[in-house]
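Input: a single structure, listed below in structure tokens.
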Amino acid sequence: MYSNMDDFYNFWEPLHLFAEGYGFKTWELSPTFALRSWAYILFHYLPAHLGKVLGGGDKRVMFFGVRIFLAMTSGLAEAAFYRAVVDNISMRAGRYLFFMLVFSSGMWNSTAAFLPSSFAMYATMLAYSFCMKPSSLSDNRRTFAATLLFATGAIVGWPFALALSFPFVFEELFVFSGDRVLPEEKFAWMSKRWFRMATSVLAAALIFIPVIGVDSLAYGNLEIVPWNIIRYNIFGGEERGPNLYGTSPWTFYFSNLVLNFNILVPLALLSFPALVITYNVDRRRLGYTPPSSSNSSPFTILALRLAPFYLWLLILTIQPHKEERFMFPSYPLLCFNAAMTVYLMRGWLEVAFIKVTKSPYQASRTTMFRNFTFSIIVGTIVISLARIVALYKYYHAPMGVAFNFQMHELPRLLNDTGLLPVYPANLPEDEQPSIDLTAIQEFNLTLCYGKEWHRFPGHFLVPNGVQVGFIKSEFDGLLPGHFALPPNDQPGFNDLNLEEPSHHVPIEQCDYLVDLDFPKNPVSSKLEPRYAQDSATWERVYCEDFLDTRHSMLLTRVLWFPGKAWSRNNQFGDYCILKNKASVAEKEAKVTRRYSDNPLY
């Protein structure tokens, strides 16, 4: 309900097209480029339609219906992942993982986001819920299920997430894991493992058939979207590719992960060294068995479970273009690595305590070890909750403004012009009917975004009958256009991020404008004047605080704690929806005259 993270243009808008028949279109959705899978988008139509039925056609209910569906899907995947760790590694490690998954702000951001990387995260969690069990020739279900889930995450979601399966594939092909193999049986064993892996891959590849079918039908050509994504991002050439949209230093993901997972990040990065230390000081922790040419060490198996997070972090760090959502598929694995580090560190403390006291009995009675792990878990929970509240309080204004526009400003327009039905004043709140905004189309309103175009919360949060447009700002890249009726594909889309003037509307056409103003630290230019200060033209309908990161202290802007002593280190701007006084007044008068002259009114 309160998360801010989403890609509204690439996924919510095409879903809105199916639900309501219109929406914004990005260049990635143009048949010329075909970089977004319609199969993935259509997968979310059912919860949207269910929300429409239950909500009486209210698009806001559709929006949150999809988010609830995504959160439930993630919750089920997290439960399976947690259960697998408890059953195959340790109940304590599973318990630590449980609290890390539930309370971390990174998971809060990613679980309900309508993004292919979030879908890949669900699939990765489910795949590793099978992978936690050691591979064995007696368990074909593990191999097939994990392969199918990895393939689903890559084909339906995000193809690059397939890299997270590499340690699993390596284990399947080369590591004894759960099998005990005599030297003379090794070739036959490996042949069976390779054959099983090959057949699982071929079976999982069948997922391509419906995905390619849906995408090709939607685009009007044979399209393999996963390959299109790989081709554009890796083989696009110097003039194209993701670097057009910005590059970041190698430290980006480390900083971003600390924001989302705080102390869990160094714990996750220490999981490999912690495993090495445990091998030397607490070998029985994992049920150590002597090295043998016919079986695998539990330390080797656990190392393969810890490897995917390191691999993913390495791959993304060396890429110049970086985004927070790219890390989503590895978030549960980060929590797993951190949980294992805490579990292994507790073992060191127990070994050290027994060595000093010479008393295993005292070790079983002391609360020192429990207090150690408890302090880590509580510490990360407190910091994570402070981060979650900060994200809501500091950056939720774009959705809050959209809510006020639908729930207050538009009903006011209908009420002032006599188009809002009059209900008995004494009706209990639970019996009051929802406000029908259908008549708002009579006003032919246009809601505009300028420099705040990238924070537009999507058409699901803007009632039907209100057009949305973009005015020219300092941004000189390619803005989204509008979907045209098939089979036409409107011109103006390119993969070079070149500006398309036809995607702008003149400011004179705007009845309402969403804009951000910083009264204490004003910033303006010819293309981005301070509209909120132009009281002769614009009236502030509703404003919410929005953090001014440039003039706020680092610690207080990334976390929220109650009290003025904390908040006084931050400065805020006004995130407002503004009303064009003359334009709206003229339309109000016009609608009033039209219906007052109608004898049937």
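Even glycines carry a Cβ here, placed using N, Cα and C.
Lifted from TrEMBL, the feature list:
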TRANSMEM  61-81  transmembrane segment
TRANSMEM  114-131  transmembrane segment
TRANSMEM  143-170  transmembrane segment
TRANSMEM  194-214  transmembrane segment
TRANSMEM  257-279  transmembrane segment
TRANSMEM  299-318  transmembrane segment
TRANSMEM  330-349  transmembrane segment
TRANSMEM  369-390  transmembrane segment
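Panel annotation: around the transmembrane segment (257-279), residues 100, 104-106, 109, 285-286, 299, 302-303, 306, 309-310, 324, 327, 331, 334-335, 337-338, 340-342, 344-345, 347-348, 376, 379-380, 383-384, 387, 558 of the same chain, lying at least six beyond its termini, place a Cβ under 8 Å from a Cβ of the stretch.
Below 8 angstroms of C-beta separation, residues 78, 81, 85, 89-90, 92-94, 96-97, 100-101, 104, 106-107, 110, 121, 124-125, 128, 164, 257, 260-261, 264-265, 267-271, 274-275, 277-278, 281-282, 285, 302, 305-306, 308-309, 312-313, 368-369, 372-373, 376-377 of the same chain, each at least six residues beyond the ends of the transmembrane segment (330-349), sit close to that stretch. Proximity of distant same-chain residues to the transmembrane segment (61-81), defined by a Cβ-Cβ separation under 8 Å and at least 6 residues beyond the stretch ends, is recorded for 1, 3, 12, 15, 19, 44, 47-52, 54-55, 97, 101-102, 107, 110-114, 118, 121-123, 125-126, 128-129, 332, 336, 458, 460-461.
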